[in-house]
Amino acid sequence: PTQCDNWVRTSNGGHFASPNYPNMYPPNQECIYILEAAPRQRIELTFDEPYYIEPSFECRFDHLEVRDGPFGFSPLINRYCGLKSPALIRSTGRFMWIKFTSDEELEGKGFQAKYSFIPDPDFTYLGGILNPIPDCQFELSGADGIVRSSQVEQEGKTKPGQAVDCIWTIKATPNAKIYLRFLDYQMEHSNECKRNFVAVYDGSSSIENLKAKFCSTVANDVTLQTGTGVVRMWADEGSRLSRFRMLFTSFVDPPCSGNTYFCHSNMCINNSLVCNGIQNCAYPWDENHCREKKKTGLFEQITKTHGTIIGITSGIVLVLLIISILVQVKQPRKKVMACKTAFNKTGFQEVFDPPHYELFSLRDKEISADLADLSEELENYQKMRRPSTASRCIHDHHCGSQASNIKQSRTNLSSMELPFHNDFAQPQPMK
């Protein structure tokens, strides 16, 4: 905004005039005045005499333009020119935008206007300007930082149900400017700028230094041309859920020096801001070519003291483990020897060994004697048989009688019942 000539401000209002008033204003002039009232207030504008601006159809040449708001695109109240001063002008909100324009020909005396503040009728049920808004100011500085509305509640600057009117003053590094980028932005009553807004000033909090004002659903980045920025938030009692979070970055114009990084957007930032996980440039060049930072591993986190403690502990555990192994190796052998000593071999063999049988197992001496007699008889029989076989029998009846005797003896042998015949019983089943 371009301000022409003097502008007087007081707590209750002020006054301003066209250049050289009450003398003729110069040609080719464009003067802009932005008026701002306190929250819950409106603006009244009156004009003094004498008053003269070159008259024209629809005031197309020299004229005074008044808008209801802080911007050149705010709703137009009217354009004024001619010999008659305008009537009383009132705003519907806290701001009024005024521009005086003169062309190359036909100048006049111009004007002088006075402005004052009056209570906003929308807040008459609260009694106009009642409870003064408490002091709510914060200061930030450095290469970058975060401006956040949550700081108001955290530091108890306002109480629940109260209106919010807070100011954050930002100081850049020496010889640097400020770049602002919104990280979070939400307005509860969007597009109701007199109830709810975030304003950004370039250089100071004066109304003529207003750079941008956000009250809709979108907030754009802002680049300031000075090293001082002011962020102001206003929210009435019904808009306390509004919030914002803004990143500020200090930068210098190219060419970039050795300790700065070129952002490819006419700005150089400090090298410490590169690859810090935050986009400080207008475009994310400072974070695009960064290797993904991995989390520090376990071994990287171990310090020298921790390493010493872990080493000693590991050595003690290793010694105890060796001792335990040696004890375990010796201990089972003693247990086996003790078990062998107390082992009942008879009972174990009775259960698991199969029964063994001999061909002739004799149980008493009587059976042994009978067998001895039988053996002797068989031996005598063999002796008798040998000579008879060698010298053939001469007398058939003798041989026959002998043969019959032999047959009889054989018959006797075959018919003999041995007393141990039934001793071969069936073997017992295995247990």
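Placed from the backbone N, Cα and C atoms, the Cβ positions cover glycine too.
The disulfide bond annotation in TrEMBL covers Cys4-Cys31 (among others). There are 19 other CB atoms within 10 A of the CB of Cys4 (disulfide bond), with all protein chains counted.
Marked as disulfide bond by TrEMBL: Cys256-Cys268 (among others). Taking all protein chains in view, 20 other C-beta atoms sit within 10 angstroms of the C-beta of Cys268 (disulfide bond).
What TrEMBL records for Cys263-Cys281 (among others) is disulfide bond. Long-range C-beta contacts of Cys263 (disulfide bond), restricted to its own chain and to partners at least six residues apart, with a cutoff below 8 Å, comprise Phe251, Ile269, Asn280, Cys281, Ala282, Tyr283, Trp285, Asp286.
Marked as disulfide bond by TrEMBL: Cys275-Cys290 (among others).
Summarising the annotation, TrEMBL assigns domain 'CUB' to 4-118 (among others). Mean predicted confidence for the domain 'CUB' (4-118): the pLDDT average there is 86.
Taken from TrEMBL, the feature domain 'CUB' applies to 136-251 (among others).
The annotation transmembrane segment is assigned in TrEMBL to 309-327.
Looking only at the disulfide-bonded residues Cys256, Cys268, Cys275, Cys290, the one with its C-alpha closest to Cys4 (disulfide bond) is Cys268. Reported as a whole number, the C-alpha separation between Cys268 (disulfide bond) and Cys275 (disulfide bond) equals 14 Å. Calculated from their C-alpha atoms, the gap between Cys290 (disulfide bond) and Cys256 (disulfide bond) amounts to 20 Å. When the disulfide-bonded residues Cys31, Cys275, Cys281 are compared by the number of other C-beta atoms lying within 10 angstroms of their own C-beta, Cys275 comes out lowest. On a Cα basis, Cys275 (disulfide bond) lies 45 Å away from Cys31 (disulfide bond). Cβ neighbour count for Cys256 (disulfide bond): 16 (other Cβ atoms within 10 Å of its Cβ, all protein chains included).
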